[in-house]
Amino acid sequence: MTHSSSNEHEKEDDRRASDDMMDRDDQNAKEEQDVSKDAPPVNPWDPSQFPDGGFKAWSVVAGGFCSLFCSFGWINCIGIFQQYYQSDYLRGYSSSTISWIASLELFILFAGGLVVGRVYDRYGPRYILLFGTFMHVFGLMMASLSTEYYQILLSQGICSPIGISCLFTPAVNCIATWFRKKRGLANGIVAAGSSLGGVIFPIMFDRLIPRVGFPWAMRIGAFLILFLLIIANLTVVSRIPPMPKPITAKQYLAPFQERTYLLTTIAAMIFVLGLFLPINYIQAQAVEFGMDPSLANYLIPILNAASLFGRTVPGFVADKIGPYNVHTFMCFFSSVVAFALWLPAASNAPIIVFAALYGFGSGAFVAILPTLIAQISDIKEIGLRIGMEFGVLSLPALVSNPIGGAFVAHDNGGYRSCQIWTGCITMLGAILFVVARISLGGPSLMKKV
């Protein structure tokens, strides 16, 4: 009897102990829940929240690389089309008239940023990338069927670059949401895609056109672009959730009321007036000076191969000593190279060396410019402000190549005036970048800006 009573007491004690443990667990859970309610929500815009690495962040970089390979990489090979159209497909038209195709591509690429940047802020990158993929591939397919100047102008000069703008802007903007300390390096890697595209596409078309003809060369290029853009659509995402807000004129004008943003924009506009002229005319100029066409066909790939390093190495250095410092130096470097090598070049060697050095110097412009804007912008408005920057650059991009064509016509097919203009206008742009850099960080050369 005593033994039975003892067992009952032990069981009762166990039940009480178990109940006490459950009560404590419930109390702890309630306290944790209360703490979680009281804890402030995570702010994705806080500098400490930027991953600056990890699989997800670097997969966005990989997708952005593919996107710029297909968008700006295509733009970087405009020189081979200028030469081909002048000598064959559109040989009945003047150099200045043909250059409007490339100018429209650049204009729409940059002007699209005015709309695409704001749409990105409101809805994110997904639908923009899908629309851009369709328009770019469709435009190239239509160009493969074109036989008249106006048809190529509509397909390659308008339809395709609408898609390119929708591919370029979201890729650049998304990088800024994943990286802060390594933003220059990440932007440089993404921008390197445009350099590699500028290497692959000219060589590919130089080989394909004689073998399968212009129409099928364009179709093969379009299929390659479609494959890479599928990867971009699957990987390019923003870390920051979209913020649907009404668009007002004040939002578009606000950035230009900031002194540093305005000075940076003016400097970039001036620099762009000369930036693309060597890319567009170096191949035609080399053939005019007696370079074998089979060798001249490799000038654009050489230029873009060098820009691969110009987009990555300066971006890495910019993270260490400041993007404005590096960007300004590279702009001066490009201008000096134009004066020192392109202007006096009259044989193969200096033209080839110029292509390599100018590719390295000018490659940093597109790679670091978004980093400059991100540095002086609220991350919540990164899409609008980068879009506004590139949108304004559409104006000098539109007139740049026709101005170069007018100089060529003035020199009766020569390129001296065009070369002098390139050196002078890029030097002026570089000087204005110095002014913008001083506006942000003062005159000290040792300060990281």
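Note that Cβ sites are derived from N, Cα and C of the backbone, with glycine treated the same way.
If you look up Swiss-Prot, you'll see 1-37 marked as compositional bias 'Basic and acidic residues'.
Around ASN233 (N-linked glycosylation site), a 10 Å sphere centred on its CB holds 19 further CB atoms from the protein chains shown. Here Swiss-Prot flags ASN233 as N-linked glycosylation site, drawing on sequence analysis.
Summarising the annotation, Swiss-Prot assigns region 'Disordered' to 1-43.
Swiss-Prot lists 61-81 (among others) with the feature transmembrane segment, giving sequence analysis as the kind of evidence.
For 97-117 (among others), the entry in Swiss-Prot reads transmembrane segment.
As annotated by Swiss-Prot, transmembrane segment applies to 127-147 (among others).
Per Swiss-Prot, transmembrane segment is recorded for 152-172 (among others).
The annotation transmembrane segment is assigned in Swiss-Prot to 185-205 (among others). Listed by sequence, the residues of this chain that lie at least six past the ends of the transmembrane segment (185-205) yet keep a Cβ under 8 A from its Cβ atoms are 57, 61, 64-77, 79-80, 84, 171-172, 175, 178-179, 217, 220-221, 224, 297-298, 300-301, 303-305, 307-308, 310-316, 318-319, 359, 363, 366-368, 370-371.
What Swiss-Prot lists as transmembrane segment is 212-232 (among others), and the listing cites sequence analysis. Remote same-chain partners of the transmembrane segment (212-232), defined as residues 6 or more beyond its termini with a Cβ less than 8 Å from a stretch Cβ, comprise 62-64, 66-67, 69-70, 74, 84, 89, 129, 132-133, 136-137, 140-141, 143-145, 167, 171, 201, 204-205.
Within the same chain, residues 76, 78-79, 82, 99, 102, 106, 255-256, 299-300, 303, 331, 334, 338, 342, 351, 354-355, 358, 362, 365, 369, 372-373, 376, 389, 392-393, 395-397, 399-401, 403-404, 408, 415, 418, 421-426, 428-430, 432-433, 435-436, 439 sit at least 6 positions outside the transmembrane segment (262-282) and bring their C-beta atoms closer than 8 Å to a C-beta of that stretch. Here Swiss-Prot flags 262-282 (among others) as transmembrane segment.
For 298-318 (among others), the entry in Swiss-Prot reads transmembrane segment. Residues 73, 76-77, 79-80, 184-189, 191-192, 194-200, 202-203, 278-279, 282-283, 286, 325-327, 330, 351-352, 355-364, 366-368, 371 of the same chain lie 6 or more positions beyond the ends of the transmembrane segment (298-318) yet place their CB under 8 Å from a CB of it.
As annotated by Swiss-Prot, transmembrane segment applies to 326-346 (among others).
The annotation transmembrane segment is assigned in Swiss-Prot to 349-369 (among others) on the grounds of sequence analysis.
Summarising the annotation, Swiss-Prot assigns transmembrane segment to 390-410 (among others).
Annotation source Swiss-Prot lists transmembrane segment at 420-440 (among others), citing sequence analysis.
Away from its own ends, the transmembrane segment (152-172) comes close to residues 63-64, 67-68, 70-72, 74-75, 81, 85, 89-90, 100-102, 104-113, 116-117, 120, 125, 128-129, 131-140, 142-143, 145-146, 187, 190, 229, 232, 236, 238, 370, 383, 386-387, 390 of its chain (Cβ-Cβ under 8 Å, at least six residues beyond either end). Highest Cβ pair count under 8 Å relative to the transmembrane segment (390-410), across stretches 61-81, 97-117, 127-147, 349-369, 420-440: 97-117.
The transmembrane segment (127-147) shares the most Cβ pairs under 8 Å with 61-81, out of the stretches 61-81, 97-117, 349-369.
For the transmembrane segment (61-81), the neighbouring stretch richest in Cβ pairs under 8 Å, chosen from 97-117, 349-369, 420-440, is 97-117. Proximity of distant same-chain residues to the transmembrane segment (349-369), defined by a Cβ-Cβ separation under 8 Å and at least 6 residues beyond the stretch ends, is recorded for 72, 184, 187-188, 191-192, 194-195, 268, 271, 275, 278-279, 282, 285-286, 289, 291, 299-300, 302-312, 314-315, 318, 323, 326-327, 330-331, 333-334, 337-338, 341-342, 389.
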